[in-house]
Amino acid sequence: MATILVLHGPNLNLLGTREPEIYGRETLADIDQKLMTLCLERGHHLHFLQSNAEYELIDRIHDARREGVNFIVINPAAFTHTSVALRDALAGVGIPFVECHLSNVFSREAFRHHSYFSDIAVGVVCGFGSQSYELALQAAFNYLDKNKPEQKHS
C-alpha cells in the first residue's frame, strides 16, 4: 500500500465553470472522487490539496516527505510556467512525480509551452481533460508497482 498526493494548482477550484471549452465541465470534486475510487480499488491512500497560493503547495510538498508520501501527481496550472520555487521543492524532497494538465499546453499560447517541471518529472500527461488525472494516476500505479515502496511499521 502506497500513499499518493495529488496537488492542484491555481484556479483549478473553478473547474466546471472556468472556460469549459478548454477545461471541461467536471468540477474538481468530481475529479477527486474518481481518483479516490481508483486508489481505493488498488488499496492505496490518496491525499489532495488545491491551492491558489504557491507557498501552500510548497509547504505541502515538504510535509509529504516527512509523511512518507510515495508519489505525487501535480497539476501546477499557471505555476508550470513561472515557479522555480515549486520546482525546487519537488526536486528537494526527491519524491517521484507526474506533471498533469487538463489541456494540451503545446497547442495553446506560446508562453504555456515551457514547463519548469517536466525535465525532473517521471512523465507528463496533458490534453485529455479530466482523464489526464486518471492517466497520471495510472502512471503512478505503474511506477509504484515497479518500485515497491517500503512498508511503514507503526
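Glycine too: its Cβ is placed from the backbone N, Cα and C atoms.
Quick look at what Swiss-Prot lists:
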{"type": "ACT_SITE", "residues": "Tyr23", "note": "active site, proton acceptor"}
{"type": "ACT_SITE", "residues": "His101", "note": "active site, proton donor"}
{"type": "BINDING", "residues": "Asn75, His81, Asp88, Leu102, Ser103, Arg112", "note": "substrate binding site"}
{"type": "SITE", "residues": "Arg18", "note": "site 'Transition state stabilizer'"}
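Overlay of Swiss-Prot feature records on the structure.
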residue : record                    : CB count, 10 Å
Asn75   : substrate binding site    : 25
His81   : substrate binding site    : 16
Asp88   : substrate binding site    : 14
His101  : active site, proton donor : 26
Leu102  : substrate binding site    : 23
Ser103  : substrate binding site    : 17
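Across the fold, the C-alpha of His101 (active site, proton donor) and the C-alpha of Asn75 (substrate binding site) stand 6 Å from each other. In the three-state DSSP classification, His101 (active site, proton donor) falls within a strand.
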